[in-house]
Structure formats: C-alpha cells, structure tokens
Amino acid sequence: MHHPKETLLIDSSNPSYSHLTEYRFDNLKREESRSTSLFGDRRRVMKILSGFSLIIIVVFIFATSHEQALSTTGDLTSSTQSTTHGGVVFTYPTTRKSPGKGCVLNSQRSTPKNLKQYTGNISDACLAGIKSSNCKTWLMTNAVILKYSDDVVSNCPSILEFVNKTSLSCSGKSQIQYMYPQSDSASSDCNHSYDFNSNALNRAIYNFNYSKTLISTSYANTPGFAMYTFLLKIMNCVNKNGIKLDAGILNIFTDMTYIDLCESDVFMSSFPDTLNKLIEAGYIVKFYFLNQNLQDTQKNVENVLAGCKYMNSRSYCEIVDWSYHSENPNEFEICIPDSQPSGKKEDFNWHVTELLLIIGIPCISLTICCIAFFVCCLKCAKLKMAMMRMNVFSNDTHQNPDEMELKKRWIGMRKKFNKDVENGSCKELNTQKWSHFASANNYMDIQALANANKKDIWEIDTKNLLVQEDHLLGNGAFANVYKGIVKGKIPLLVVNNSLNMTVESENNGHYEAAIKKLPAHADEQNHLDFFHEIDFMKRLGHHPHVISMLGCVSNPYEPLIVVEYCARGDLLKFLRRHKDYVLMNKTDDCPIEADMCLRIKDLVSIAWQVADGMSYLASKNFIHRDLAARNILLTKSLTAKVSDFGLCRYMDSALYTAKGGRLPIKWMSVEALKLYEFSTKTDVWSFGVLLFEIFSMGDVPYPTIQQVDMLEHLLAGGRLSQPLKCPNEIFNIMQKCWAEKPEDRPEFNEMRGEITVMLNLDDESYGYLSVESQGGPKYTQLTMQDSKETAPCSTPGGSQDMDEDGDYDSGSEGHSQGTCAQLDQVLTERFGEEQKKEIKQIFCEITSKSMRGKRRQSNSTVSTYQS
C-alpha cells in the first residue's frame, strides 16, 4: 500500500528525470534482449554442444575406470587386513564391546559337515547379484533382530530402503516376508508372505512396527541365546512351508556383535547344523552386521559363524559389512533374469571399451547436434506459419489477394471500433468477429501479436514513459504494479477525443500513472493472458468509476499496461488503516494523529460508486468474477474505481462456465461454487460481500469457515452477519444479494437506485436521509441495528413545517420543481455533468409519483366525505 506523501512532485515545466534514467525503457541496457533468431547464435550453440559432449566423455571414462577397478578386485578372502575394501573406506566403529568371559574362540573350528560348496559353475545355484534365466522367481525372507533400542529408528528405515533397492527387478510372481523376534504368535510371520508390488505388501511396510524387531528384555543379557531361538523359529518356518520358487535368500539384519553370539554356548553348538539345514532347504544366507566394521576381526567372525565367508558373495553364507552395501547394491540384487552377471563383469576388455568411446562419443555428439538443428528448424517453421496466417503482422509489400483481403478486414474492423468508441456506441461489440485477432488465441505467436499492436493508437513510446521500479505499488502472483510518469498526451484522450476528463495527477503535461508489468518468472501463457487483458482494457471504454487504461506498451518480452494512478491505493487497506477513525456523530472530532476521518455517509458513497461502475460493466455484458475490496482503488478525492480485470470475461450468453484457475472462493455465489457458472448475478453476490467489507472496515468474510466448506455452509443457509457500523437499509441490500436463486437477486442499476435514495445530498449529519415516499413527503432515516431513537432532517430543497399531527409537510406541488432545480445544481457540483442526468431523473420520478399518490389519496378522502 502506498501513501499520498510518496507522490513524485513535478515543480518545473521541464523536470529533470536524470535520476530515473535506469528505469527508462529506451535505456540501451534495458533495450538489449536476446535475439529471436535461433540461427544468429550458432557459435554459442556449438560451444554448448561441444562442452556437453566433453562432459559425457569424462563421465563415461570415469565410470568405466571405476568399474574396471572393481572388477580387478577379485573375490574377498578372510586373510585381507586392509582398512579399505573395493575403494570404500569403513567409518563405523569396530565393535560395541570387548570380548566377554564366556567367549572362547577355537581357531581350529571346522565348517559343518555336508555343507554345499560353490563349484564355480553358475548353473549350480542361484546367487544374489548374478543374472540367470533359471532364477526368475525368488522368496526373500528378511529377518530383523536388534539389540539396541536407541538405534531402532535409524536402522529400520535403512533396512527397508536396502530391501527395496535389491528387489527392484522382482515381479509379482516373487514373494517376500519379514520375521521379527517379537511376533504376535509363533507362526504369524511364517504365514505372512506377500507378492511383490502388491497392496498387501505396501500395507505391511506402512504398518511396520519397529518395536517388534527388538529382542525381549528377558534376553537382554543373553543376546546370543536370543539369536539361537530366532534362527530356530526361522528353521521351523522353512520346514513348514518350504521354498516353492526358483530360489530363496535369507537376509539376517542385526546390531549384535560376534562376541554376543560367541558368549552363547547353545548358539555356538547349534549354528553349524542350523545353517546346513537352511542351505539344504534352498536358501542362501547373508548376515548383515549393522553399524560395525569387521575388517580387522573377520577371522573371528568366520570362526563364530562357521561355514560363512566374510564379504564373499560367491558363497552360500556371506558375512556383510553394512557400510559396503550402499556403495555396491548390484552385488545383493535378486530376480535378475538375464544370463550376464550384473555385479561383476567377467573378462572385462578395456580395449573394446576404448574403441566404443572413440566411435560412440562422436556419434552421440552428432546426434545431439542434429536434434538441436531439427528443433531450431521446427520453431522457425512454426513462427513463419503463424506470420503467414496473420499476414497483417508482415511488412512485406508483395502479398497475394487472400492476404490483402484479410488485412483489409483487420484495418476496417479496427477503424470501425475506434469510430464507435469515439461516438460512444460500441455496446454491440461482437467478440466472435475478433476471434482470430484476439490475443487469447492459442495459435498466435507473442512476437506477431506485439508487432500487430506497435502502430496501434493505444501505444506509448517508451521515450515518454518512466517506470520507478523502486516504488512498488502492489504485487500479485502474475503481475507487479509500479508507479510511473507519462509525458505528453495520453492515448486515452486521443482515442476518446470528446472525453472531458480531469486527471488528478496531471502536472504540466506529465501524468502520474500506475504501470503493470509481468514478473521475471512469467511464462508464455502469462504473456498471452497479459495481452488479453490489454485487448480487454481497450474495449472497455471510459467510465468515472471503472479504472481506465491510459495506454500500453506491446513489447513481446516486457509488455506494460499503463492505468490511472489512484493515490489512496486499494479499498481494503484503506478501510483497515482507518478502522479506528470512523465518526459516528456529527459532533465527533477527528483525532490529530489521523490523516483523515470517515463518516457513514462516506462509506455509503463508496458503495454507490462501486455499484455505478459495476452497472456499467453489466451494460457492456462483462462479468468481473473477482469483485472485492482489494480490487477497488481510491483516488485522492475518494473516488472509487473498479479494477483488476484479470478474471473478467465477455458474456456472449446467459452464463459463462469457467474451465479452471484460481478463483475467490469466499466471494463466490452458490452456483459459482457448485457448477463454476458465472453471470452478472454472481457479481451481485460478490457485491454483497463487498458491502460487508466496507461497513466492517475491512474484516475478512467468513473467518471461521474453511474454503473447502464454503459451499456446504452456504447451502445450509449460512450468511454473513450485519456489521456494527452497517445501517439496516444497507444490510437489507446485502441480504438480497445473497439470495440462493440468481433470479431473486437485484440488478446493479436497481441497487444503485436504492443507494442513491439513501445518500444525503444536502445534510452532512450522520444517519439521516431526506427522501420522498409514495404516501407523501415523509422523512426517513438510516437506522443502525442497535439504535432506538431517531431524529428527522430536512429534505433537499424548500422548507418544511411541522403540522399539528407531528408530521412534516413538504409544501405544494410547485415545491417538487424547486427540489429538482436545487437537486440539479447539487448534482452538477458533486458528480459532474455525466452522472447528473441519471441521478436527477431518479429523484424527479420519485417526487412526481409521490405527489400523484397524494392527490389520489386526497381525492379519495373528499369523495368518501361527500358520500
């Protein structure tokens, strides 16, 4: 919100604008923009493509070198003592505790009897990370047993993520199951196996209970025995169900140390036999020790887990460091149907790869260049086709007869439109005739549209326009409004040469203006909508209570709309700023700190002006769709002007149906919320909400109702309550506006007439109006919702005397003529010649009807008396 004191003052006839040079649109720095020719920057395009190709080469070489390094690492053995493995540096702590008293490691501990040995032939077994056509369907059993509750929250999500990564290739024919030490029943986990990619699996993962993964508190001091019972449970499950698919893998995730396992004699004695049975059942087993580095203690770990190999993926039981899996997920992947191994490439041939690099990179670069060239040609072809369709945008003098005919139609319709605007007779404007010239057409190019408007009479030369980008008047989602100055005669007065308009902000041929422009992030659709708004403002015409466009700049990259400057900003902020400065009585004094104070009469006057502006829009068959206090602007003299026509549409039928977009929910009627149907009657509903905003001094409508509940609230009969400062007569109009059926709502010209009657044109006292009624010259008043006592006031024109009955007499019939004469003078001084006639006609008709009614009543009384 801007303040009147911030207005730029121009004292001299030729003011200096040197301090605003950076805001000029004719500034060379701002005029420079990227060339529209896609072939003008061939060198730059080629440099970009060359750099892109170079990046691809570097990345490819790095990836290949990394893969070669991994392939030459070979199988890991238990004798490796290095602190790194496969290029991965381990950062986890070695163990959580030192060896206990009950742990005795026997270096001569042998592997279990009859344990299968991998022979090197890939057809003998289904292993993780190996592609095989015989290993398409898998049963993945994930056993999670954790000891430390502090790490459960971090360990469980990482386990789920690992399982997801290693089973991406599994189809719905493969199955997965989870097993925990604390299950609801002994066989519950065993009976729950889920197909991959099923809703049941998704629900199971969503309902994953971390607490089930912890060992029982009774096993807190004997974690090795807990592992024994857990493996026994898994083995019983295997004996019960078996593996009916091509292969099976058992992933055991634990944060126990090998020392915890070693301290349990039961585990140490039973593990070899348990492992042998699991392998004979068709499982390959992998132990994942979470948050541990077993590099330095791999011999001890292999001794505890007899038959398992440390970091050897080609064994039936593998001991895995948890830190290694994230760097090499392919080595643990299952359900790979091809015959080629994915984890480690056999017989890697660097010379073949080098040859592929030499041949492939140039081919890829050439392909990219061809695609870029094709895209450039396609865009240029589309641009030429658009310009051929709209031949009026071409400066070529050699045109065929069809092109000349289309150009003549364009020029003829433009001249007719300008002539109708000058004569004020453009009410019957048919937008369908302008359909292939309108800026909202999707096929029109923005550049061509801008070229069409360059020689338009509404255009402002950028040399005569200064934009103060450091003086932001307002901003929204799709546009920013800045203060600016227009030099010379404004296009609005050129188009409407008969318009005798006085601009408040004019000073020696320089006009203060509000300049609307698109933000930097605006896309092509925003530009098209902006040009649509420019076209709408041209067709809108001039009205004292509707914001007028002074001119425009049809720059395709930075179009501008120049409108009237309203010093007091939007009505909503104005009301909230003066919320505490409303004088309820004539004798009240305005506080010293207030820049101005308002009376109820001022609020009624603003409401009348908005109704007048909306009546004009309705007469032009325009629907606003966003009538609210935030979109009403106030000039320095408190003249209200309807603005913001971004959602405004031309109504060529009884209803306009919206197709989407952002809409003001709490200002919308029932049919607009329910069916997205808009008409003048929906604007009437919004006008009722606007009246609530005015007389509540800027309160938010329906503050306790959510937007999604608005339709239900309105259908249930919910409406806004009467504001404290709202007269009963105004609230009656508001209630009429909120009728559920559109046909029951009043027209804007009807409401304008009612508010005209309410306006006190002769008395500045608060709350009292002088009007004529059908029953004779009586005195009515604006009554507040909590007022009990009222007082009369004088009627415009003439003097009144109180008769014996306490009624006011307005005099003879000749007094009506005196009233209209005085009313004529007051209207001319207050509202100008343009609005005088309509208001005068309303008052005179009311006076004439009341006098005729009085005569009929008098004659009827005399006849009754005589009879």
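For all residues, glycine too, the Cβ spot is worked out from N, Cα and C.
The shown structure was predicted, so the numbers you read here are calculated from the model rather than taken from an experiment.
The candidates are N164, N191, N500; Swiss-Prot tags N500 with the feature N-linked glycosylation site. Among N121, N423, the residue that Swiss-Prot annotates as N-linked glycosylation site is N423.
In Swiss-Prot, the annotation N-linked glycosylation site falls on N859, out of N209, N859. Of the candidate ranges 68-87, 848-867, Swiss-Prot annotates residues 848-867 with the feature region 'Disordered'.
Around the Cβ of D626 (active site, proton acceptor), 20 further Cβ atoms fall within 10 Å across all displayed protein chains. Across the structure, N496 (N-linked glycosylation site) and N585 (N-linked glycosylation site) are spaced 43 Å apart at their Cα atoms. Mean per-residue pLDDT, taken over the domain 'Protein kinase' (467-757), amounts to 88. In this structure the C-alpha atoms belonging to D626 (active site, proton acceptor) and N585 (N-linked glycosylation site) are separated by 34 Å. The Cβ neighbour count for N585 (N-linked glycosylation site), using a 10 Å radius over every protein chain in view, is 9.
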